[in-house]
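Quick look at what TrEMBL annotates:
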type	residues	note
COMPBIAS	A:59-68	compositional bias 'Basic and acidic residues'
REGION	A:59-80	region 'Disordered'
COMPBIAS	A:69-80	compositional bias 'Polar residues'
REPEAT	A:155-189	repeat 'PPR'
REPEAT	A:190-224	repeat 'PPR'
REPEAT	A:225-259	repeat 'PPR'
REPEAT	A:263-297	repeat 'PPR'
REPEAT	A:298-332	repeat 'PPR'
REPEAT	A:333-367	repeat 'PPR'
REPEAT	A:368-402	repeat 'PPR'
REPEAT	A:403-437	repeat 'PPR'
REPEAT	A:438-472	repeat 'PPR'
REPEAT	A:473-507	repeat 'PPR'
REPEAT	A:508-542	repeat 'PPR'
Amino acid sequence: MQPLLLVWEESQILLRILNGSFQTLDVIKERIFHDLFCSKANLDVIDMRQDNIVQNVNRDEQGSKDWSSKGNESNQEGDSTVGFNVLDAMLKRSLDRLKSMRERILSAEAGISNCTLEINFNKDAYVVRAMCLDGKLGAALSLWWNMIQNSIVPDVITHNYLINGLCKNGELEKAEWIVRGMLYRGPSPTCAAYNSLIRGYCLMNDVDKALNTFSTMANHGIIPNRVTCNILVHALCKKGLLEQAKNLFYKLLSKNHVRGSSDLITSTIMMDGCFKNGDTDQALAFWKRMLKERIQVDKVSYNVVVHGFCLSHDEGTAYKYSCEMLKLGFVPDVYSYNTLVGALCRQGKTSDACYIYDVMTRMGVIPDQITYKMVIHGLCINKEIDRATCFLDYMLENSIIPEPLVWNVIIDGYGRCGDIQKASYIRGKMVAFGVLPNIYTYNALIYAQIKSGNFSAAQSLEKEMLLYGLTPDSVTYNLLIGAACNLGLLHSALQLHDELLRKGCQPDVITYTELLKLFCLQGMMREADKLFGKLLASGLAVDHVPFLILMKRYCRMREYNKVYDLYQQWLMTMPR
DNA sequence: ATAGGGTTAG
């Protein structure tokens, strides 16, 4: 077993203790809410307060987790001491949290009589916000418009919720329209509103428009903040414009003489960008700068480093950082586990990947679609299809309905192993769970049938997909044409080729090669030469296969001049 | 209070 796996075992004990205390806290939390509800008459007002409390509790929880990591930094005595310190800190935090919750409840109680009016007045605004967070933007917009028409102008924050929701939905025009309305009738848009717009444009891959909005801000006297820069740095990195991103980063540094945790996110973005653009050295330079400047790194930045080394296929170093992260007391989350699972699957170490899956579930980290997708994909590549199907069942047991890709990978896996029964069974299950088969599903099924020599079954599958409104692609046609060619069914092959063209599908090198093979087999050399000329004129990247097929044939026909010509032609296509 | 960083990829 790898050393990494031993560390996981060790850390498990510590993390179980942590999980246990969080569960205890949840029980306490529930009890308090229960008491709160039973002792109050005006539930309406309590509702609002409860939201506040929940938010604060969540924030506190976040805080205490962060603390645990900082606390470990200064403690070099050993892992058990670290564990107790973390636990102590958590208990202290939870007591503080209970105290502040109690205070909040008391003050809510005291303020009920004079708060009711004000809260009810703002209620619509809160509904607008809630609807925005829920993605129900149409409803949010109409309620907001209703308010405006009744001369009730909601506050800036509510407006920002709307703008942000619209931007995340890609409805930039509507968001811009709201901002224009704000400039005209108030409240004046804040930096957050513009940040939402900028991010919205970045998500639409329109960095120019984002930069445009960035300069518009200044015209309205709004100074971009760090978040604005983070959004832009991120977008520039994603576009591969590392130099521009770096420039912005250093400009930001020079503006902020006070360095602190705020550097963390920007640095993490830069590091991630460098890793993803293949510049590991530059990424490490950012990491070292962070350590040198005594910026408290966090779980996310560790996840970025681990993933970065996985990207550059240096899994050993990735594991090293992953262990370092554990030793510092960071509790791995779904990103940490998924990164490892992904790396192990890529290396074909499916057993280790399954082991990590096991560890994460035991730690109470719930595997998500991505975890399952990677494990299932990895197992199918390794031809462990039955094992992959087990994971499919785990997903279904946990009420995660996989996207078509996951089903298709398994169907394809069974097909490649020649197990049509199981492939069809999975297709049936997929339909039963309400997931519609797509073109890849059919291509996998067609492949399975062809591999088992059932050309007519493959053909009826093609008819079936047309019936369901799916258009076969070049892969479908290549499979069918290839099968027809191998069976020497000249007529079927040409008919399929004809159908391909009629459907507006572009034949690719494979299509041409299959047909070429057929013409050669049938001794139709005039057609073969004509098709070959068409292939060379098509502009498609031609590999050696069509040349070899023709040369072999002409060899057998003893037309050595032809063979020589082809050989010369082939040399011409090679890079010099 | 609202806005910002990390996991996949036929």
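If you go along the chain as it appears here, the first residue is 1 and each next one adds 1.
Heads up, the Cβ atoms here are built off N, Cα and C, so glycines get one too.
Confidence in the repeat 'PPR' (A:403-437), given as mean pLDDT, stands at 93. Sequence-distant contacts of the repeat 'PPR' (A:438-472) (same chain, at least 6 residues past either end, Cβ-Cβ under 8 Å): 404-405, 407-408, 411-412, 414-416, 418-420, 423-424, 427, 430, 479-480, 482-484, 487, 489, 503, 505. Here the repeat 'PPR' (A:438-472) is broken down by DSSP into helix, strand and coil counts: 26 helix, 0 strand, 9 coil. Remote same-chain residues near the repeat 'PPR' (A:473-507) are listed as 439, 442-443, 446-447, 450, 455, 458-459, 462, 465, 514-515, 517-518, 521-522 (criterion: CB distance under 8 Å, separation of at least six residues from the stretch ends). Long-range contacts of the repeat 'PPR' (A:368-402) within the same chain, counting only residues at least 6 positions beyond its ends with a Cβ under 8 Å from a Cβ of the stretch, are 334, 337-338, 341-342, 344-346, 348, 350, 353-354, 357, 360, 409-410, 412-414, 416-417, 419, 422, 426, 433-435.
With DSSP classes pooled into helix, strand and coil, the tally for the repeat 'PPR' (A:508-542) is 26 helix, 0 strand, 9 coil.
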